[in-house]
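Copied over from Swiss-Prot:
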type     : residues                                       : note
ACT_SITE : LYS165                                         : active site, proton acceptor
ACT_SITE : HIS284                                         : active site, proton acceptor
BINDING  : ASN113, THR163, LYS167, ARG285, HIS317, SER369 : substrate binding site
BINDING  : LYS191, ASP193, GLU194                         : Mg(2+) binding site
MOD_RES  : LYS4                                           : N6,N6,N6-trimethyllysine
MOD_RES  : LYS191                                         : N6-carboxylysine
SITE     : LYS324                                         : site 'Transition state stabilizer'
Amino acid sequence: AGFKAGVKDYKLTYYTPDYKTKDTDILAAFRMTPQPGVPPEEAGRAVAAESSTGTWTTVWTDGLTSLDRYKGRCYHIEPVAGEENQYIAYVAYPLDLFEEGSVTNMFTSIVGNVFGFKALRALRLEDLRIPPAYVKTFQGPPHGIQVERDKLNKYGRPLLGCTIKPKLGLSAKNYGRAVYECLRGGLDFTKDDENVNSQPFMRWRDRFLFCAEAIYKAQAETGEIKGHYLNATAGTCEEMNKRAVFARELGVPIVMHDYLTGGFTANTSLAHYCRDNGLLLHIHRAMHAVIDRQKNHGIHFRVLAKALRMSGGDHIHSGTVVGKLEGEREITLGFVDLLRDDFIEKDRTRGIYFTQDWVSLPGVLPVASGGIHVWHMPALTEIFGDDSVLQFGGGTLXXPWGNAPGAVANRVALEACVQARNEGRDLAREGNEIIREASKWSPELAAACEVWKEIKFEF
């Protein structure tokens, strides 16, 4: 009979409930909300087809290849408990559909077209299982957690950071001054805000220079290694690279990139440069909420976090947990572990749909940042553990006596919490007490505690 033209029925080949997934398959879990009257199997096959080899009609060139070898398969569909008309569709993609070492291509394939599909009211990519065979084609983070600790000579505690505010409008000299004060007071890092690139009131080269001066001055005075996340994000990859090169010439330890607005291609290039030249890479997730905030449509942040670990970054912002709902704590810790650990078991209560084996890809430090202050320190230490960066922007700069005392307050609070934990005390229960005790002998901490005391401390 040869070839039969016509619009085709997805039932034919893309829904295969008896398929046994291969170790080399990339697996995806999609949350589907089909249009009224569309059965979930139909929607599931449509997703599998459109994100792999399918098109809407039979084409004669299908006969020139083995579709069976290259097609995505929807191999399982389950209703979502407690939600009306929502299903999780599991899709397996053969490894050969993807270019090696390209997060960009992986996303183009898996989420490129299918989210506009008519048969679906909404679609969300909840998780991806990246097989070791594909993981191994990526460099991953430039250095990873252990190498970073060795470079900085800081062990056994979370690292402290601070975003310099006001984020826009300071001159380079005053900006550098604020950096110096914070580092001098006891922080490990200060940070360019994600919107600080190279604006008329402060060009990037001037900022880099004054920040480098601040770093070296603070290092000389404290005897500790200091850093400032110099934002290398730019309008072109060439310009971004130029900024990273200048940072390396200044001898500073770390640069920064906005990986979603900058794009995965730029980010991966920068990560490769950073490994080749000994720079740490701090990643900010500006724009993530556009993609991950809706519960039923978009991409969950855990997928963006996995993608970043493949593309490359040593730190990434990952929410604070503090003062949020209890459920979010487990979900956040789920993707925090996906960033840090080598091997993570499937655990649906933490939102982890697949067991993920990263083999030896370096880990990423999660960064807790946004609306946190000294009273949160026990909770943060308890939740994130040692391998994290705690960032207090307003929580440092708004200390009543200035930046340096604000930094002192945070460092004292952190050291007190770490010591209490090491002595076996329960940070969840005794957190407030630990901070109060420490503030008795640290006037800076006492002043900070006073400012934020009416803000609730909740686990």
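Just so you know, glycine gets a Cβ as well, placed from its N, Cα and C.
Within 10 Å of the Cβ of HIS284 (active site, proton acceptor) there are 28 other Cβ atoms, across all protein chains. Once Cβ contacts within 10 Å are tallied over all protein chains shown, the binding-site residues LYS167, LYS191, ARG285 are led by LYS191.
In sequence order, GLU50, SER51 are the residues of the chain that are 6 or more apart from ASN113 (substrate binding site) and have a CB within less than 8 Å of its CB.
Neighbouring residues of the recorded Mg(2+) site, listed in sequence order and excluding LYS191, ASP193, GLU194, comprise THR163, ILE164, LYS167, ASP192, ASN195, VAL196, TYR229, ASN231, MET256, HIS284 (Cβ within 8 Å of the Cβ centroid). Residue annotation for substrate gives ASN113, THR163, LYS167, ARG285, HIS317, SER369. The furthest Cα pair among them is separated by 37 Å. Less than 8 angstroms from the CB of SER369 (substrate binding site) sit GLY161, THR163, HIS317, THR320, VAL389, LEU390, GLN391, PHE392, GLY393, each of them six or more residues away in the same chain. Each of the recorded positions LYS165, HIS317 was scored by how many other Cβ atoms lie within 10 Å of its Cβ, and the smallest score goes to LYS165.
Rounded to the nearest whole angstrom, the C-alpha distance between GLU194 (Mg(2+) binding site) and LYS165 (active site, proton acceptor) is 11. Least crowded of the binding-site residues (ASP193, GLU194), judged by neighbouring Cβ atoms within 10 Å of its own Cβ: ASP193. Here the C-alpha separation of LYS165 (active site, proton acceptor) and LYS191 (Mg(2+) binding site) works out to 9 Å.
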